[in-house]
Every structure is written in structure tokens, then in C-alpha cells.
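Enquirer: My questions all concern the structure below.
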Amino acid sequence: MNFGFYQPIFYGLLCLLGIAYPTGGSTLTVTPSNEVAVNQRVTLLCEFDSNPVVAQFNKVPQTNPFCQLAEKGGACMTTDCSIGYNLSCPSNTRYSIQVTVTQSWNGETVFCQGAAINEPSNNITFRVTVPVTSVDLLPDQPISVIAEQLMNLTCTTSACNPSANIQWFMSSENITSHSSSKITNDGGFFRTVSSLNFAVKKQDNQKQVFCRASNIPGNNVTSRKQTLHVLYKPEVKSSPSSPYRVEEEHTATLVCTVTAANPNTGITWRWIKTDSPSTVLHNGPSYNISNIQRGRSGSYNCTATNTVGTSEAATIYVDVLYQPEVKSSPSSPYRVEEEHTATLVCTVTAANPNTGITWIWIKTDSPSTVLHTGPSYTISNIQRGRSGSYICTATNTVGTSEPAMTVIDVLYKPEVKSSPSSPYRVEEEHTATLVCTVTAANPNTGFTWIWIKTDSPSIVLHNGPSYNISNIQRGRSGSYNCTATNTVGTSEPATTVIDVLYKPKIGENAVAIVNESERVVLTRNISSNPLSNVYWYDGEELLKNETSVNTTYILLKEAKCTDTKNFTLVASNAKQWNATSLVELIVNCKPRSDDDNFTLGVSDDTLLAFSTTVIAYPKPSYAILFENRTNNPGIVDSLTENGVNNFTVRFNKSTVGQSDYGTYRLYINNTFGGTTIYVNVIPQRSPDSPQIEEIKCNVRSAKVFWKSPFNGGDSQTFQALAINNQQEVSQSENITDSGENLIHGTQLGNLQPSTQYVFYVRAQNRHGNTSSEKRECTTLKDLQDGMALLIGGASAGGIILAVIVIVVLLLIRRYKKHEDGMKENILYVSAGPHLEDTKKSELPIYAAVTKSKPESNDESNVYADVKKGNKKNSATACKDAKPKKGLCKKDVKPKQKTGKKPKNKQEVAETDVYENSENIAMTSNADNLYSNSEHDARMNLDQRGYKNNEGLLYIEVQFDAKKEKGNQIIHGEEEKTDYATVEFPNPTVSKETDSPGNM
């Protein structure tokens, strides 16, 4: 329904019927946020300062609301909303709908207003996040490109919000820096188009190119992957390497190998000699020159060609040689024992030319070291390190002969090593295996071995390279030697140290039983190899830890009854982790209980049952007697052992008579003492009074916390209540008791801002109810309403404001009464506690003014302290009311400003004044006038003024002492639109009240 058409008729009916026109603002909030993901559900809550009759939810710039709600009894009675909305109307000022935000909501602006209140709420604009769902790579056919040329690709995303970022990849390499992007708008959403221009290299062949888009953290989409086909000309190398030396009349073979090419098929080769480049010698990868002659020496080039191009040339230089031929003697192998003399001879068998020959002897493992220059080479006192291949060469003016080799074989006794390396750690009862390895020997065959233990060297343990000790015990730890013998001699011994490891074993001791307050040391021995790390625990609490020990202990300086327990000792080494033993301690102590006085409420139709738990050792005895030490024969009792020192005593009686009421004494004793527990059995009754712990007042609600009392022996419930002006204004639902002396809490709503309430808590059971003491608390001021009023008044102008205020005051006076005697008015704030007059049902409240010197050296400012009067006089009001900071200052004369004529006692000087409250911001400008509010509490205490960005907003307050009676009114001052003047007609008061010092 379009409520706009009916608004004039509705407002006219209100005036004819004398009904107040609803005023006030509205506030629209969205939960969780106006920035949401697509298809997320949100709650729109519209809150009004007064009943809007019908709440409307609108979109800008649409004129028709998309949802209208009316409330009755906390429910939405009439609705005009789309299907799928969840609706809620908890009160006639709170309306909410729950909607699913689709893509179409992106950029939409929503507000709410009341059908009876023409002023709309604040606007809320939605930002809908739509994730990117796809990214397309073009072109979609295979990509072939020649090396060093540019590759051009494009990626385009799906429509999304916010716009997506595109990254380019070649396999794992990020190449986004070679791209550029642009963003286009598509119906309120965005598409990103990215172009890639990248010069490919031959190394990029077969790599995969793709793009990746993301507009929301954690949400990525990847395009299809395209494989690159990079084409490039061949690369070749030639072999053998230059110079290629070849003996005359031999065959020279030159090879041209393609190391890289794409395509690698259809390749052609070309061989030329550099001194005749126009003559093609061969077409093929290998070029053979048979029966080569010295005249064929020179440089040869080869090239390879594919469809892309021709390779760079690879060159081989061919050198045809004539060199001597030699032989060496004696023949190999030449065997000689260590420390004897060896003689080698090099003989030239052929050479061209055969004159001017020089010789060189070298050892093949150090070819750069010349050992001798001559045909014979003698080695005196030869050592095993001189074994090896020796070669001799002969050189003429043409070149050097091929080497002639003699292998010298130096014979020597064995060298051995043992394994594993020391220390060889092996677990007890396992098998230890020792190996003796010959690392060097000549000859290396026909060995014999001997194993001994160093602490009994005369006993041969084993003959062989491996020695196994099965089921080894800790006593076999020690050093073991092995030796090896060949035809030359016996090796030096190799040693292995065996370390036999075994797991921790914690020694067992008898249970420790001590008396309370005695010093206790609990000790344990740990046998292990290696030494163990130990940990003492009390349950899960680590008490102590030590590393690498074989003895450990914990110390209790003074044993307590609660120390009766099993301590846990954990030992760990490399052989075993967490070897555990329980170390039991028992402390002798007399019985004790957490509480020694209980009250038990019972009735004739309930079971008398009681239990309590005590700790004691040894097991205690007990007796249950009346206070006069007589026995109740109908009581059944028992003692249950919960643990070694923990016991529960129970007694019950199935029927209760008058003789069963009274105080019982439960005597519990053992050899170390006793304790007495008093049990008061009383008839069930009403609960004890609850105790209020704390009250927290908010703007329109309050939280009440209280401690639960004894329930009188019956189940109890609680109810919190709030009272104003001797009328109950709010109460909680019944709250179930959670247990005695526990803190309970609830919240009371439907409260008014800046109002003092009295709170109390009522406890009740079947036998009656009790109430807590009453506590006062004042709700907080609603700053938002006050600021909206000031801004609206400044914008509308003084004259319009005056008319509206007069109408509102008249309507409120006629239809509604405020709890302190005034009509309810959002423009009026009560200055203090009202002193009620029981003789009249309705009294005007006047603001009596006192003036005092400001706390500043600037004498140009005057502060008006506002307090409430009553029918009697203002002085009495201040006397009876609880004073607050800034209120009820007496006998202070008004401060006259320099250069102005003072007024009589019926008037206040027209200098600037401030309406005082508990916090006020001083200003250095004597001509500014402020209506004080709580914003100054956020200012630095050193500041002396407050100004907002738009200038100074203020209300001029005039306290004119008029003789005629009547209620105060607020009206606009003539020819002024930026502020309002407030006039307070003067009531009939005493002379003391009328004096200038008390205005």
C-alpha cells in the first residue's frame, strides 16, 4: 500500500481527534554489515523514537516501499513484503526484516521511515562482493613462435565485484610485468582484460603459459594452459676438439653434432676447408679423411640448416704428426719389496727425425711432475706409495712419442680398520657385530685374522674378519683389537670400543607414611645406560626435572593431608622413553571438611538426606547425635571410602517428624584427632533475602546482578524489578536458582534515558518470598537524540522551532504526564530530584538559579547552576535533595561583567551564561554561549572551549523572574534563527529564594 497518498488525511484526523503528532527520528542499521558477499543474508533494523504506526523500508530513488510493517503486541500483524523475508516487530518502535542480498543489491541505497513520521532515516548503501568465476585465454589454438619474437596473448575475466587482478605465468615464472590491463564496467560489475607481449627464447620451448585472476583473498581462478612451441635454428659443435692431431696415413674422422634445434628434422649439413670456402667437401654429420697426409693439415668448418635458418660454424683444426716410438723395461708388473731399489729403462725404437731426442719420466697419477730426464730411471729405498704406472716419452723436433708404461708393484704388510666406529653402542641382549677390514695390503690374498679384548690380550677370541657377540651383556663392554697378516707381515691393531646400552629401571621403595607437618624426602635410584633424564609429576603438574642422573628425589618441607597421593616418576634415555613408576605417599592426619556448618530445610513430605566428604588417614569413625548428645534412632547412616584418605558420610531418614528438627552434631575421629560438623535441620520456609551485587544502567536498559541466598530448603526462583515514581516499569521473567552463593544476572528493558530507577530482586519458593534491599541507578543520557534536536532546530529557524515547541508542549501537557510533575518533553531535561507534593496531583517544576564565580581568572563568564524547586521553595529542594557537582550553590552574589550595568534581582545579566552539568568545558571567549552536554568529557582537561567544524551551536538560556504563575515554555527569540530562548516563569517562593544570590 502507498501510504504517501493517505498521509494528509491521516494527519488531519490526528488534529481533529486531538492526538499528538508523532515526532522524532528513525535509525536504520544493518547486521552484520552493508559490505556483504553475494546471496548473504542480512538484517535491516529500523528503530523509531516514537510509534511510526507503519514502518516502511525503501530503496533510493524508488517512491514505493519494498516492505511495510505494522506492530501489535510484539508481532507483525500486517505486512506488505516480498516472500522470503523474515520479519520481526518486537515493539512499536523496532522493526526488522531479514533479506538475502543478491547481485542486484550492489550499489542500492536503503532507508526507512514511519508512515506517521515524514522524516526518513539515515541511508545505507550496499556493496555486494561477487567473486570472479572464470578467465579466458586467447587465442585458444596452439602457440608457435620463433625465438626472440614477440608473443601476444589476451586474458578476459568474468563480471565480478570488486574488479579482478590478472597475473601471467610461464610454467612457474611470473611474467605479469610484461602485460597491461584495462577494466570495463558491465552492469555495475567489472571485467578485467589483460594483454601479454613477451619476447620468447628457445629455452621457453614446451613451457605452459596461463593466467590467474583473483578479486577476493583466497579465491583464484586459472585459465586453460597453452604449451609454447618455440622454433629456432640449429646449434652445432664439432669433435674431436682442436687441434685434432692424427698420424700420417691414418684416417681422420670429423663429427658435427646438432646440440639444439626446433624443428629437429629435415636438417642438412655442409663441410668446407677454410682456405677454400667455396668448395663443399661433404654433406653429412661425419666427414672421414682416409690415409691422411701431412698436406691435409688445416681448419675445417661444419654448419647445419633447418627451416628456420643456418647455424653458426663449428671449427676443427687437423694436425698430422710424426713422432718417435719407444718401449720400456722391465715388463709389467714389475714387483719389488718395500725399501728395495727399482730400475726402469726407456728405449727409442723409431723416430723421425731420430736425432736430438730428449726423455721424460712421469708417474701417471701426477703427470705434471717430471721425475727424471734420461733413458734410465732408478728409485732407491722404494715405499708402497711409489707403486703405480710409470711412463716414458721421447721427443724430437716434430713431436713426442706415445708413452711407454711400466707398472711397479711394491709389496707390503696389511693395514686394517675396524667397524663400527667407536664407541659402538649396542643394546643389551642384542648381537654385536665387529668387522675388521683390510684397507691396504700387497699381496691382498691369503690373510689370517686375530681378535682379542684389550683387558685379556693373551686370549684369542676369534679368527676371521667378522666377530659376532650374541646376547651381549653389560659386562662385555670394553675395547676389542683385530690384526691381519699376509706373506709380508702383520698389521698394526685396529680398536673398537663397545658400549652396551640398557633401558632405565627405577628402584622400588616401600610406601612412605608420615605424619602431617613432617619433612618428607622421596628418593629413587635409576639404573640405565646412558644416564636418564627424570621428571617428577603431581598429576599433570611437573614438579621437578633432572638430566643425566642415576639418583633422584623430591622434597616436601611440610607434609599436608592433601599430599596423600601417588607421585609419578618418569625416566627416559636413548634406550627407552617414559619408564614410569608411582611413588606413593600417605600422610597421617585428622579428619577435616570444607564446611563445618550446614542448614538443611525439610518438610513432612520430603526425605531427610545429608552427605559430606572429609579427608583423613587412617580411616575415621563417626557418630551422629542431637546437640544434647542423644541419638535419633530412625536415621540410617553410612561411610563410603572414595580413596585412601577420602571418605563420604551419609545419613537419611525416610519420614520427618517434629522431633527430627534441630541441630545435629556429626563427630568424625581417627587416631590423629577429630572434627565436628553441625547440621541444622529446619522446616522448609521462604528463602533468605537475595543480595544485590551490582547494577549497570545503560540508556534504555539495566543489568542487575545478585548473589543467591539459602533457598529455605525448597527450590527457589528469582525476579528482578525496576520501579519509577512508585510504579513498576519493568520486571524480568522467573529465573531458576543455580545454587547457593552463586552470582545470577538478568537485563531489564523498557527504560527511559536520563531517568532514576529503583531496583530490587525478589526470591520466592512454595513457602513465600523475600526481597533484596533496594538500589538506585540512573539510566544514561541519549546523546544521539539531543544532537539531532539541536541540528534540526538550527536548520529550521528560530520562529519555526518556537511554534513546533509550543504545540508539542501543549499536546504533551494535555495527554501525558511526566513522573516528576512535568509533561514529557524531549526538549526538557530534569535538573535534579523532584520533591513530591502529596497535596497536588500535578505541579509545575521550576528551575531556580544560583550564580557563583567560575573557576577561572577570566571574570567575564557567569555560570548558571540549575536546580529544581517545588511548591515550597528552592532552598528546601536543595536541602532535601542529594547534591551533585555543580548544583545547589548558596549565598553567592551574581558576577557583574565589566562595562555593563547590573540588573535588579528579578533579572539576570545579559552576559553569556552556561548551563552547568557535572562536566563543563571552559572557553576563553566571553561572548560565546553554550548549552553544555556530555561531549566535553571527551576533551582534554587543558582545553578551554569546544567548537565543531561548522562553527558554534548553542542555546541562549534566559532566566526571567516573572511574577505571573505558569509552566515554563520554550520559544524562538525575535529575529534570531540559530538558537532558542528558554523562559522559566518564577514560582511563588520565599524571599531567600528570590534574592540575587540564589537566582
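Don't overthink the numbers, they just go from 1 along the chain as shown.
The backbone N, Cα and C atoms fix where each Cβ goes, and this holds for glycine too.
OK, TrEMBL features for this one:
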| type | residues | note |
| --- | --- | --- |
| COMPBIAS | 879-894 | compositional bias 'Basic and acidic residues' |
| DOMAIN | 131-229 | domain 'Ig-like' |
| DOMAIN | 234-317 | domain 'Ig-like' |
| DOMAIN | 324-406 | domain 'Ig-like' |
| DOMAIN | 414-498 | domain 'Ig-like' |
| DOMAIN | 686-782 | domain 'Fibronectin type-III' |
| REGION | 854-911 | region 'Disordered' |
| SIGNAL | 1-25 | signal peptide |
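Looking at the shown structure, what environment does each listed feature sit in?
Expert: Taking the domain 'Ig-like' (131-229) as a whole, pLDDT averages 90 in the prediction.
Assigned with DSSP, the residues of the domain 'Ig-like' (234-317) fall into helix, strand and coil as follows: 3 helix, 51 strand, 30 coil.
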Enquirer: Just give the helix, strand and coil counts over the domain 'Ig-like' (414-498), going by DSSP.
Expert: 3 helix, 47 strand, 35 coil
Enquirer: Could you tell me how many residues in the domain 'Fibronectin type-III' (686-782) are helical, how many are strand and how many are coil under DSSP?
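Expert: Per-class counts: 0 helix, 52 strand, 45 coil.
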Enquirer: Please list the DSSP helix, strand and coil residue counts for the domain 'Ig-like' (131-229).
Expert: 6 helix, 62 strand, 31 coil
Enquirer: Please count the residues of the domain 'Ig-like' (324-406) that DSSP assigns to helix (H, G, I), strand (E, B) and coil.
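Expert: Secondary-structure composition of the domain 'Ig-like' (324-406): 3 helix, 47 strand, 33 coil.
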